[in-house]
Amino acid sequence: MYEKVGNILKMAQESNTAAIAFICMDYVMARSVVYAAEATNTPAIVMLYPEHVTIQHTTGFKNHAALVKELANEVKVPIGLHADHDYTYEAIMHTIDSGFESVMMDGSMNDLDTNIALTRKVVLKAHEKGVFVEGEIGHVGLAADSDNHNEDLYTKADAAEKFCKEAGVDSLAVSIGNAHGEYKETPHLDIARLEEIHAATSVPLVLHGGSGIPDDQLLVAFSKGINKFNLGTEFLGKYYNAVAEFASENAGNPDPVKIINLPEYAQSKLQPYLEGRMKTLCHF
Ligand SMILES: [Zn+2]
């Protein structure tokens, strides 16, 4: 059942757990998430990374919003739809007009006051349309650049408090030792910092760069204010592996339309992985 992200995060907050937002570049990934959520009776969020439309052309904005809502309404469990990192007012408005009722305004590469001003402008317009807005304070950088070790980029509790109050965001992405992409070595979340941020704010907190953080650290973070957890790199890697296995298993298959069996095959490989992630990490 299609559900607003704000309601799913409220459920996560009440249960002291996190909903996983999975980056889905196409229908196969989205369908795998929706049916894994249904199989485990776990609310989940299908997330679009806008560059997958604008640069890699794996789907379209309107098309993606519609296909996720159609899939969501095939099942009973709550399924949310969210757009990940947009960086400008214009880009966010385009995403919203395409059918997304939950978006992220990432102004985190700017200084605090500029980030507040940019995000505030988005929030005012988005709220008029009933749209939920995630902001980011501190900066979640790239694991490839070892940004997860750079404490200068970490979120500070007093800045988070000011940002939430002045920008008016509905949820907040934090930088506490996490980074995007594949970590060079095991990351260590700064839990003491998370506790300070959680005490200084009241909105659900969001953890980006979820691939490769050990489960025990994640579960602690989810008990201390992280209510949305973004997972992309690991899931995309599993999808690639499924496609490679399909190609290898069908190498001698003379059927010229064998490609039509790829989506079902990939889903059969992805769904057990997704169900495992939900069972281990989400406790609604
Ligand atoms: Zn991110």
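Glycine residues also receive a Cβ, built from the backbone N, Cα and C atoms like all the rest.
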**Matching residue for the dihydroxyacetone phosphate site, where TrEMBL names G209, G210, S211, N230, L231, G232, T233 - out of G181, G252** = G181
**Complete:** Listed by TrEMBL with H85, H208 as binding Zn(2+) 1, from among H52, H57, H64, H180, is H180
**Request:** For each of the recorded positions (D84, E136), count the other CB atoms lying within 10 A of its CB, then report the residue with the highest count.
**Result:** E136
**Complete:** With neighbours defined as other CB atoms within 10 A, the best-packed of the binding-site residues S211, N230, T233 is N230
**Complete:** Here the binding-site residues are H85, D106, E136, H208, and the Cα closest to that of G181 (dihydroxyacetone phosphate binding site) is found at H208
**Request:** Compute the mean position of the Cβ atoms of G181, G209, G210, S211, N230, L231, G232, T233, which form the recorded dihydroxyacetone phosphate site, and then list in sequence order the other residues of that chain whose Cβ is within 8 Å of it.
**Result:** I23, H180, H208, G212, E234, F235
**Asked** Do any of the binding-site residues G210, G232, T233 touch ligand 1, in the sense that the CB is under 6 Å from one of its atoms?
**Response** none
